[in-house]
Amino acid sequence: MQQVFFQETEFLNSVIDYDHKVETENLCLDIAYGTDKNFLFGCGISIASILKYNEGSRLCFHIFTDYFGDDDRKYFDALALQYKTRIKIYLINGDRLRSLPSTKNWTHAIYFRFVIADYFINKAPKVLYLDADIICQGTIEPLINFSFPDDKVAMVVTEGQADWWEKRAHSLGVAGIAKGYFNSGFLLINTAQWAAQQVSARAIAMLNEPEIIKKITHPDQDVLNMLLADKLIFADIKYNTQFSLNYQLKESFINPVTNDTIFIHYIGPTKPWHDWAWDYPVSQAFMEAKNASPWKNTALLKPNNSNQLRYSAKHMLKKHRYLKGFSNYLFYFIEKIKH
């Protein structure tokens, strides 16, 4: 048995198991999410999108969260029933992670991926971790069938180009990052090697070091890049094609999403489940999955803080919806004055 840093008895409060699989085959690709209350809606649609394009595939889903309400219970059970799949909810105590670096956009939930990786040690040879703002639009059969060589810890997708990798390698003080700096929203993890390299324990230790904290800008992601350089398999960009819906506010931009894209990763503060961003062409993969899920009649989310009001106003004005745009700017300024 391999050693685990995050012990179940320390972080796991309870498990809810929505098991509606028809077959009794136990072998499956475990797909896991770590999310807080704000991303559960997106997480549900992410799962629906994978199931929509991979019906009949051997998949099991796992959601690690510190909140799960009555409506969430209803919808996720209905999703598992609709697609005859299994979705397990792990209600966790994240207090141990709250002291780690965070921002207004990245809460302590970004560290749930370490809990997830440790949970599957000795339980599954590999686990696919996905951010909840990733939507599938193709088959993931190659990931289901993939086998790791013994010396690699994870399959990842790089972001940026070689000059960016060089800058990150210099900033973070790890030469190996120059071969490729990756985004941590897609991680196919070799659990045996993750344990052997003591990734979670080393990552948390680094995140408590003042000298490391000074260097990092993307806490979990930077630390993983520092630890896993030279221990990675780089996958095609189609498995983590990043796009910010706020690019739509620019006069011109390049949309990297193509028909070959498997996973669209909606980075940035504006998400396709926001009611000011659903009608862009690049958001339609999300909307199609939503319409093929128990959330099909659920309203999209309205802005609920000053940052969202500001972006909502910008998008409304870009679409020439001036009344809505100016009214949201007014609400934005009111919120700023209040706080």
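Backbone N, Cα and C define each Cβ position, glycine as well.
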**Q.** Record-annotated Mg(2+) site (Swiss-Prot): member among His20, His62, His218, His265 besides Asp131, Asp133
**A.** His265
Q | Residue among binding-site residues Asp36, Pro269, Lys271 with Cα closest to the Cα of Asp133 (Mg(2+) binding site) | A | Lys271
Q: Compute the mean position of the Cβ atoms of Asp131, Asp133, His265, which form the recorded Mg(2+) site, and then list in sequence order the other residues of that chain whose Cβ is within 8 Å of it.
A: Ser46, Leu130, Ala132, Ile134, Gly185, Gln242, Tyr266, Ile267
Q: Could you work out which of the binding-site residues (Gly34, Pro269) has its C-beta surrounded by the smallest number of other C-beta atoms within 10 A?
A: Pro269
Q. For Gly34 (UDP binding site), what is the secondary structure state per DSSP, taken as helix, strand or coil?
A. strand
